[in-house]
Amino acid sequence: MGAPAASLLLLLLLFACCWAPGGANLSQDDSQPWTSDETVVAGGTVVLKCQVKDHEDSSLQWSNPAQQTLYFGEKRALRDNRIQLVTSTPHELSISISNVALADEGEYTCSIFTMPVRTAKSLVTVLGIPQKPIITGYKSSLREKDTATLNCQSSGSKPAARLTWRKGDQELHGEPTRIQEDPNGKTFTVSSSVTFQVTREDDGASIVCSVNHESLKGADRSTSQRIEVLYTPTAMIRPDPPHPREGQKLLLHCEGRGNPVPQQYLWEKEGSVPPLKMTQESALIFPFLNKSDSGTYGCTATSNMGSYKAYYTLNVNDPSPVPSSSSTYHAIIGGIVAFIVFLLLIMLIFLGHYLIRHKGTYLTHEAKGSDDAPDADTAIINAEGGQSGGDDKKEYFI
């Protein structure tokens, strides 16, 4: 049993040595070139890069899927102005192909002519750009609650694109995208349909079909179809002024909405047999409101889609106690006048107080300026003495 166990252990050691990273490095071929696969949008530019670690004094070469040599080192081999040299060194050969077409798709080969010849493949994938989608199926305006079916189609995509629907910001769930190969055998035509019931809110809405494809790189490519929906009218009555009072002029506006817009309006008052005649377009006019005008009024708005009747209850209030504008102006003017009079009174009071305080000085100066100045001085002294000396009054002549 010892010999078989030893043999098994030896085999495991050999297997580990062969698959160890060190063993892999020992078997690496430094003269083997390497490349990478590339994806390019039709009409774009692709760069093919080939590199080698040990060139063994040999040049790198690029050839197309038809095995036509494009570049050998820095030397152009195929006369195609779309193909240009990017880098040429002993360790790298890079070329670019501009204005790439679907026919350029395939495997490109990088070769190095050592012994033996070594090659590396680069798969170039060309994306076909989908055309702007086309919406069909909408012929004329729809009636409310009708069912609409729209079709969308886009061709030229590779790989096949995907179509989505939306109405405004709302996503519509259409049928799965149908795929059909184009006659060129390389691109595809995709189509989808959507069916939905229309409402009055859909009037004027845009139904959008968008194509999603990696070649667009997030750019929007869509088509919209605006739809028109016919629906029965609605109406509401708006009073002007909002709170009518007795003696005022009142207009009751009947505001109709619909598609088409109502063109005929008929006014009635409950309890009154004949239709009301005092109208202006869609408004009912009351030149001078009376209490007898109170009641419930109806407005019937009519279009070729039907009719709608709105009601309004009118309660005529007593005349407004609010003063007229002229009375308001008079009150303002009266207030200004009263304020001015008040200021004048204040000024007169201050002026009188000032004159009383300075009356003695004024009389003294006036007396000194007259011919009886000595007598005036005597009088002043007597007056001062009378205040300080009690009942004894003496005269002094200056």
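Glycine residues also receive a Cβ, built from the backbone N, Cα and C atoms like all the rest.
Look at Swiss-Prot and you will find CYS50-CYS110 (among others) tagged as disulfide bond, backed by experimental evidence. For the recorded site, CYS50 (disulfide bond), the DSSP three-state label reads strand.
According to Swiss-Prot, the feature disulfide bond maps to CYS152-CYS209 (among others), an assignment based on sequence analysis. CYS152 (disulfide bond) falls within a strand segment according to DSSP.
When other Cβ atoms within 10 Å of the Cβ of CYS299 (disulfide bond) are tallied across all protein chains shown, the result is 27. In the three-state DSSP assignment, the secondary structure recorded for CYS299 (disulfide bond) is strand. Residues or ranges marked as disulfide bond in Swiss-Prot (evidence: sequence analysis): CYS254-CYS299 (among others).
What Swiss-Prot records for 130-228 is domain 'Ig-like C2-type 1'.
The N-linked glycosylation site annotation in Swiss-Prot covers ASN290. Long-range Cβ contacts of ASN290 (N-linked glycosylation site) within its own chain (separation 6+, distance under 8 Å): GLU246, VAL316.
Per Swiss-Prot, phosphoserine is recorded for SER388, and the stated evidence type is similarity to another entry.
For 367-398, the entry in Swiss-Prot reads region 'Disordered'.
Per Swiss-Prot, the feature signal peptide maps to 1-24; the stated evidence is experimental evidence.
As annotated by Swiss-Prot, site 'Not glycosylated' applies to ASN25, with the evidence given as experimental evidence.
Taken from Swiss-Prot, the feature topological domain 'Cytoplasmic' covers 352-398.
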Nearest-integer angstrom distance between the alpha carbons (Cα) of CYS152 (disulfide bond) and CYS110 (disulfide bond): 44
Cα proximity to CYS50 (disulfide bond), best match among disulfide-bonded residues CYS209, CYS254, CYS299: CYS209
Number of Cβ atoms other than its own within 10 Å, given for CYS254 (disulfide bond): 25
Winner by Cβ contact number (other Cβ atoms within 10 Å) across the disulfide-bonded residues CYS110, CYS152: CYS152
Separation of alpha carbons, CYS110 (disulfide bond) and CYS209 (disulfide bond) (Å): 44
